[in-house]
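Heads up: the structure comes next, in structure tokens.
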2 protein chains.
Amino acid sequence: MDRIETPPDVVIRRLPLYARSLRYLLQEDVRSVSSQELGERINVTAAQIRKDLSYFGEFGKQGIGYDVEKLLNQIERILGLNQEWPVGLIGIGHLGEAIARYEGFRRQGIRIAALFDSDPNKIGTDINGLTIQDDTHIERAMREQGVKLAIIAVPATRAQEVADMLVSAGVRAILNYAPMVIQVPENVWVRHIDPVAVLHSMTYYLAREEDKES
Amino acid sequence: MDRIETPPDVVIRRLPLYARSLRYLLQEDVRSVSSQELGERINVTAAQIRKDLSYFGEFGKQGIGYDVEKLLNQIERILGLNQEWPVGLIGIGHLGEAIARYEGFRRQGIRIAALFDSDPNKIGTDINGLTIQDDTHIERAMREQGVKLAIIAVPATRAQEVADMLVSAGVRAILNYAPMVIQVPENVWVRHIDPVAVLHSMTYYLAREEDKES
DNA sequence: ATTTGTGAATGGATTCACAGCG
DNA sequence: CGCTGTGAATCCATTCACAAAT
């Protein structure tokens, strides 16, 4: 009823999955959903979904479930997706270019707003209507546009340096694709996307299966 | 001393980070490292590292720390990285192409071994010496090469269908880049890489900061 | 009859703290 | 003296189970 507790970060990380699933349901013209049904779609228990949502209020109706559109709107508001977030992208290699061209961001509250690289051959060229800028201009450009979010897609060796520039540019949240843990002040959020590490954690299980077979 | 407990998955997911950090240390010619020093590099507590490693054996020396090269070898062996893992990649859009061209895999036990797409304009073209195949050939091609690991980089609408094909091809672990939770039998491992969800979990905190400022 | 919201109970993961070894 | 390895203690997350609502 009265919510004093601040929601733990695990809960915050699940909310976007709930939101996405609700968007798909909406596309399928499903109007109402129970925690049970929602959970089956995303492999989360019904109790978990209900408990997670309870950190933010009461959104369901007993005996009925949740109104898909209403719940989606609530979760999007909670996540701050009722506004558009400009994002700076640093490092326009193969990966950076794929990120810059990805349509899935724009549709979901994320707008790639500035591109940076250090390669003189890339600086000045355009991708999707945005000009790649010299990454020494990060601070000025990001401040001008009030960008608080950035994506790092540079090689590991340059990641910390770029992170430092972002922090002095006033960036408060970083999505790091570089295979390197970066150090930032405690008021800056960092999340790491690390496909190699993820694959390596799965080879562990594959290797053990091979052992079992002998 | 005697290890009966099977290591929890959280521990397995951290091992690749330890391995990577040790590789960097080795490159810097650091021979020996304490759990404290290692932890500072990757923002993990010293106790956590020691406890994690204790699931697999005793690798350190009291008063000294760990021999970097030895510990790295041990962890790589645990993760099954003493062998090379062929991987099938399905979906050669911007992202799939970036993955196919990424050098960071090959160097770390992962070899992209087959590319698939459904677009006739792409099928037959080459990337990095590999020919893109029709994705209806997944089962035959993957079985022939004994591929147990796959990466899905297709749009959300096709992800489940592709996952089903991979499962019948005998694939046992899937890295899913599609913004969609896929359903697989319980003997198949799935990990999801979801940059949009990650960004959305950070906009939550950014939005709250904005509120605080008013 | 069905499903929510939530305290209580359980189950896990992390941290503590220290004996024991080099 | 420094640092590991590890039981015990703590902290946190998930699940249970049921009263309340419709």
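One is the number of the first residue shown, and numbering goes on along the chain from there.
Placed from the backbone N, Cα and C atoms, the Cβ positions cover glycine too.
Curation does not apply to TrEMBL; its annotations are automatic.
Annotated DNA-binding region per TrEMBL: B:17-56, in sequence order. Marked as NAD(+) binding site by TrEMBL: B:GLY91, B:ILE92, B:GLY93, B:HIS94, B:LEU95, B:GLY96. As annotated by TrEMBL, domain 'CoA-binding' applies to B:80-181.
Overlay of TrEMBL annotations on the structure.
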{"residue": "B:GLY91", "record": "NAD(+) binding site", "Cβ within 10 Å": "25"}
{"residue": "B:ILE92", "record": "NAD(+) binding site", "Cβ within 10 Å": "26"}
{"residue": "B:GLY93", "record": "NAD(+) binding site", "Cβ within 10 Å": "18"}
{"residue": "B:HIS94", "record": "NAD(+) binding site", "Cβ within 10 Å": "17"}
{"residue": "B:LEU95", "record": "NAD(+) binding site", "Cβ within 10 Å": "24"}
{"residue": "B:GLY96", "record": "NAD(+) binding site", "Cβ within 10 Å": "24"}
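Beyond the DNA-binding region (B:17-56), the same-chain residues lying 6 or more positions past its ends with a Cβ under 8 Å from any Cβ of the stretch are 3, 5, 7, 11, 64-69, 71-72, 74-76, 78-79, 81.
DSSP places the residues of the DNA-binding region (B:17-56) in helix, strand and coil in these numbers: 28 helix, 2 strand, 10 coil. Mean per-residue pLDDT, taken over the domain 'CoA-binding' (B:80-181), amounts to 97. Each of the binding-site residues B:GLY91, B:ILE92, B:HIS94 was checked for a CB under 8 angstroms from a CB of chain A; the ones meeting this are B:HIS94.
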